[in-house]
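The active site annotation in TrEMBL covers Lys12, Asp138. Sequence annotations record features per position, and here TrEMBL assigns ATP binding site to Pro96, Val97, Lys98, Ala99, Gly100, Phe101, Gly102, Gly103, Gly104, Ser105, Ser106. According to TrEMBL, the domain 'GHMP kinase N-terminal' annotation covers 68-146. For 205-279, the entry in TrEMBL reads domain 'GHMP kinase C-terminal'.
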Amino acid sequence: MPKTIVKKAFAKLDLGIHIEPGKSKDGFFPVSYLDCQLDICDELIFEKANDGIEIICDDPQVPTDGENFIHQVAQLLMDMSGKKLGAKITLKKQIPVKAGFGGGSSDGAAAVLGLCELWGIKVSENDLLEFSKKLGKDFYYSLYGGLSELSSVGRIYKIKPIKSNLSFWAVVVVPLDEKPSTGWIYENLDTKKIGYNFDKFKKLKRALVEKDKRGFMENLVNDFEDSVSSHFPVVLEAKGDLADAGVSGKLMAGAGLSVVGFFDSQKEAEAASNSLRKNSKYRKVFISRTIL
């Protein structure tokens, strides 16, 4: 029997995104994140092949060529090892594509684990940092997962785990519209508001550490949200629909356009999601649970 390895890649959720004033010499704003994972995940199945990388995916929206982070990770590992290697990777998608949950980055991080095991390759912390400079912040976070505070200036990242046992049921609303690029978001930032949410970000972190549910709900923050929602009103519409469904706390996921609402109980979350699924402006509505 040929060797088969299975890995899971969990969705990433930014509970807090705060852009700090003061650009670096390279022109980047420092950004701080409070990240966790949702229990919705993709599944990756790795099998050895004689030569080359073959990716098979059940979602036609997902590229299977060099644009895919799995393919890019495979190439980086082969370049690092200096060996000509091959793999067949089957990707079973559950994380919504281009919706703000870092699914492609998480798949790439899972590919590091799967391919290293398949090919018998070892990577160092420095190797992972170098990979992250090429593949970005969400990839770097997904290598570690869990509840973490992550800071970035351009492609330089630092991560610090946070201990908390707060957990919530999340209703995820994915609009039909496609999310804007990260470049577009930075071009359309209201620079007058940069740094405005510093206190809220600190309160959110404290609420997580102190397991303060009310403080958590009241201080969810995403500094990208104002600029995105001003051009894509469906974000505010989704937040309004979640509010009507009795949500306790809500925010835009990452760069959008998805919106996440938090509930204390599974029963409340199921009732809200059943109601929201009837709305034709959403391509997907589902329930998940935070992994902290």
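A Cβ is built for glycine as well, from the same backbone N, Cα and C atoms used for every other residue.
Recorded features from TrEMBL, shown on the structure.
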| residue | record | Cβ contacts under 8 Å, 6 or more apart |
| --- | --- | --- |
| Lys12 | active site | Asp35, Cys36, Gln37, Leu38, Phe101, Gly102, Ser105, Ser106, Asp138, Tyr141, Ser142, Gly254 |
| Pro96 | ATP binding site | Gly103, Val172, Val174, Ser258, Arg283, Lys284 |
| Lys98 | ATP binding site | Gln61, Glu178, Lys179 |
| Gly100 | ATP binding site | Lys179, Met252, Ala253, Gly254, Ala255, Gly256, Leu257, Ser258 |
| Gly104 | ATP binding site | Val62, Asn68, Phe69, Val97 |
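For the domain 'GHMP kinase N-terminal' (68-146), the DSSP counts in helix, strand and coil order read 49 helix, 7 strand, 23 coil.
Taking the centroid of the Cβ atoms of Pro96, Val97, Lys98, Ala99, Gly100, Phe101, Gly102, Gly103, Gly104, Ser105, Ser106 as the ATP site, the other same-chain residues with Cβ within 8 Å of it are Ala11, Lys12, Ile95. Applying DSSP to the domain 'GHMP kinase C-terminal' (205-279) sorts its residues as follows: 40 helix, 11 strand, 24 coil. Note on the domain 'GHMP kinase C-terminal' (205-279): its mean pLDDT in the predicted model is 94.
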